[in-house]
Each structure stands twice: as structure tokens, then as C-alpha cells.
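Here is what Swiss-Prot says about this protein:
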type	residues	note
COMPBIAS	21-36	compositional bias 'Basic and acidic residues'
COMPBIAS	103-123	compositional bias 'Basic and acidic residues'
REGION	1-73	region 'Disordered'
REGION	90-149	region 'Disordered'
REGION	223-242	region 'Disordered'
TOPO_DOM	1-159	topological domain 'Cytoplasmic'
TOPO_DOM	181-194	topological domain 'Extracellular'
TOPO_DOM	216-260	topological domain 'Cytoplasmic'
TOPO_DOM	282-310	topological domain 'Extracellular'
TOPO_DOM	332-361	topological domain 'Cytoplasmic'
TOPO_DOM	383-398	topological domain 'Extracellular'
TOPO_DOM	420-424	topological domain 'Cytoplasmic'
TOPO_DOM	446-452	topological domain 'Extracellular'
TOPO_DOM	474-492	topological domain 'Cytoplasmic'
TOPO_DOM	514-526	topological domain 'Extracellular'
TRANSMEM	160-180	transmembrane segment
TRANSMEM	195-215	transmembrane segment
TRANSMEM	261-281	transmembrane segment
TRANSMEM	311-331	transmembrane segment
TRANSMEM	362-382	transmembrane segment
TRANSMEM	399-419	transmembrane segment
TRANSMEM	425-445	transmembrane segment
TRANSMEM	453-473	transmembrane segment
TRANSMEM	493-513	transmembrane segment
Amino acid sequence: MMTAPSDTEGYTGGQGDSPDSPDRNRQRNLVDDHNHNQGQDDGYSQGHVTGTGLHPLHQSQGRYPRASSRRASAAPLNYDVPDDYAHLEASNISPVQNPDEDPITRLDTLERVRTRDRDYLREQRRKPLPPPQEPESSAEDYEREKQAGVVAKRQKVSRLATELYTISYLIFFSLLGTLARLGLQALTSAYPQSPIIFPSIWPNFAGCVVMGFLAEDRMLFRPDWGQQQPNPKKDDDDDEEAKDIDPAAAKKAHMALKKTIPLYVGLATGFCGSFTSFSSFIRDIYLALSNDLAAHGSSAAPVSRNGGYSFMALLAVTITTISLSLSGLFAGAHLAIAIATLFTRFDLGLPYTFVSRILDRLIVLLGFGCWLGAVLLSIWPPDRHSAQPEKERWRGTATFALVFAPLGCLTRFYASAHLNGRLPSFPLGTFVVNMLGTAVLGMAWDLNHVPSLGGVVGCQVLQGVADGFCGCLTTVSTWVSELAALRRRHAYVYGGASVGGGLALMVVVMGSLRWTEGFGEVKCIS
């Protein structure tokens, strides 16, 4: 039977500054624990994780073993992240768990990872950390690394600063993701004779490609990211130790490491989650069911058809979107594997000094400053015409969406952090925000399509809520990554509940207007 290594395997370091600190003493033996527990069914035991008192995110801030000929140094990635970050949308499960195509591999699932995280948190509430072990050996290792010139300077980042950086990245990348989604929709749905007539498909595909690349990539945020380069004279002495490192465990360690970096959280949760939109996907399913999809974005009236054709249209939108999104996720992961050598050869990884000392501080101004700029552009739009207010399009097309986008992204971020770990086999946080965003989009759509109701400004605000808040509150990139990481039965249950629940909400919300008064013309969209 294939066994799955724990996501804590491969960590061999600590966060404390002292070589004799408890964290350093416990973390240095985790790789040996992996070899001892390798034959277990899920690679997890009381002595393997909870016995050491270590959390995957806490370990990721320690020393990271490199599957190469050079020794790992003490990583200075001392972001003080909350334990809830273990349940973020950015999963610990890589889309491609066997990149080398080995004949026998050990697979892990999302249920196992989140069960371990949940059990750790419960264990920490019941008992304190165990006493340190082998302090003499830990001190010797620390001194040997110090003499070898591989101990990096540590820079402690407080929890308040870490959360501030994370929120700022989320705000900034939610704005970029919203602009990318709206721009790609305009590019792919405006030309004649388009083979795909529903606008949500291409942003969802493109966002999943980026998500797959970020999840699989190990070069942008390298395993030794933020560490000083070791002394090359000591490389030969470290060959034997490097051979003992399990590449699968090291890969899982790197996945957990990335989730502690605010920039990575901003890219995966902020940009990819805002680039894709689950609520727009469900809206297009309902429009296909109600025979309004062909007329969406055009003045041509739909041709009447029977219910059987509407059911076929519903299946077409559903299957096409899910298939392309999953394909995009794996295509992005394959792209990351393919260009890994190129990144290594030309040293194209993100420089740690620039990110930690400059970009982390600059993003606070950029994030909140750009959000404020979107508010000001909504108050004074660039295309304002005093004599012809009906020609103002910027607010309905983009600026109001940018105002509401960070609110949806931050809501999704905290919902996933607090809810995703409650049911390991069913990501509750992602499900809740997808259902909530779908319902809100349905209400905004109804209010915008009620005949003879409201004016241009009210229409623009509702359009901004639909494109900005609902578009960033719901996500397809995270959803398909969870489908790929869950066990087969749980994936079908979770996927079916998400699509079925979202469509049921749209039938109730949008159907109540569609099958009574009918959809009217939108006043603020040309």
C-alpha cells in the first residue's frame, strides 16, 4: 500500500536564536522521524508530529533541508504567522506529486494534511511542549554551521507586521486580479463568431494556470530563500547528509514554507482567487439553463428552444469550465516543472533581500494607496461629462469593481483561514464564500435587470458589487486545486455540492425574476 509522508517531514531547524532552544532540538530530528515512520499508512503518529509539538507552519520557519549537495542553513524567514494560516486556500498539496514520474510514489491528500493540522492544534491546547532533547548535539551542529559560514542573519517579523504585509498584498493583488479578469473577459467575448459565448471561461482557465504554476514552483521561493549561501569549500563534506534527505518530504516542507510568506499568499489567494470567479461561472450555468446566455452582452433575442436543449447547454457550460480549469491547473504545474532548470541556470528566483526589506514595506503604501485611488476615481471618474452623464462608463466597467474587490478578497481569506480546517474532507470556508458570493451576485443581477428600476449610478454600483465583491469573494482556482487534492469520493461530493448548491441559489434568486417579469435592459452597460 502506498504511504503518504507527513507534510512536516523534511524540516530540520528552529526559529529561536539560541542553538539550545527547544524548537531547534526538536526540529533537527524530523527527517530521521520520517525514515522511522515511513512504513505507516499516512505517515503520521503521536510521536511524529504531536509528540514533537511542532506545527507545519512553525517548522517551515526553521531550517529547510535541500535535496542537493549543499547543506541547508538556518532560515531567517521568521514571519510570525497565526496557526490558522495552515488552512489557507494555498494548499500544502502540490498538483503534481510525482514530477519525476517514478514508478512508485507516495501520494498525500488534502484530508490528511488538514487532519494533521487540526489534531496538532487540539493537542497544543491539552498539553505543553515536551522538554528539549540532546542540547549538546544541537549546540555542536549550530557551532559547526556557524564556522562553515552558512548561518544566516535572522530578522524577526512580528505577527502584527506579518498580518499587515499579508493584508496589503491581498488588497494589491485583488485589484490586479480584478483588472485582469475584466480585461480578459472584454478581449475574449467582444469579437464576432466566438466559439465560446460565456465570458467566465477564459479568466477561470488563466487563473488556474497561474495557480498551478505557483503551487508547483520551487524556484521563485526557493527552499533556501532568505538564506546566506554556504561556503563552497564545505560542499563535499555535506554530500552524505544531503543523500539522506527525502525529496518528497523536502517538497512538502517547501509547500508549507511558501504559505508563511506574505507575497506568496498575496499571489495565490489574492491574485488567482480574484482572477477567477465561481459566482460568474454559476451565473453562466443558469443563463444557459434559462436560454439567456446567447443574448448576454448582445442585443439579439434568444431563439426559443425546448427544455432538453437547455439541459444540454447547462451540461456544456459546467463540463467545459471544470475541465478547462482543471487542465489549466495541471498545465501551470507542468510549466513550473519544465522551466525549473531555466530558473536555476539564470538565477531567476525572487531576491529575498528585495522582498523582505523593500517590497514588504512598499506594498503597504501600494496596497492601501491603490485602493484609495480606486475610490477617488469612482468619485471623480476620468470620463465625466457634465452635459452627458449617461456616457460615463468607467465606474460601471472598472472603478466600482476595484472599490469592492479587496472587501471580497479579505472576506474569503479570513473565511478560509477559520473554516477550512473544520472538515478536512470538505473545505467549508471555500464552500461558504462561494455560496455567499453566488447569492449576492444573483441579487445584484436581479436589481440591475428589473425593468424601470433605478438610475445609472445605482446600476454602476450594483455592477461593481457583482464584478468586484462577488468576483473576489468566490474563486475557481482554489476550488479546482481542492478537487485535485481531495480523495476521489470526497472530491465528487464537494464538487457536486458546490455546483448544485450554487445553481439552486441562482434558480431561486434569478429565476424568480426571469420567469415572472423577465430580465430588463441594463442601463449602465453599453
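Note: Cβ is positioned from N, Cα and C throughout, glycine not excepted.
Since this is a predicted model, take the numbers as computed values, not measurements.
Contact between the transmembrane segment (453-473) and the transmembrane segment (261-281) is supported by 3 or more Cβ pairs under 8 Å, counting only residues 6 or more apart in sequence.
Highest Cβ contact count with the transmembrane segment (195-215) among the listed stretches 160-180, 311-331, 362-382, 399-419 falls to 311-331 (criterion: pairs under 8 Å). Note on the transmembrane segment (362-382): residues 164-165, 167-172, 175, 263, 266, 392, 394-395, 399-400, 402-403, 406, 464 of its chain, located 6 or more positions outside it, place their CB under 8 angstroms from a CB of the stretch. Under DSSP, the residues of the topological domain 'Cytoplasmic' (332-361) split into helix, strand and coil as follows: 24 helix, 0 strand, 6 coil. Under DSSP, residues within the topological domain 'Extracellular' (514-526) fall into helix, strand and coil as 1 helix, 0 strand, 12 coil. For the topological domain 'Cytoplasmic' (420-424), the predicted model reports an average pLDDT of 86. For the topological domain 'Extracellular' (181-194), DSSP puts the residue distribution at 9 helix, 0 strand, 5 coil.
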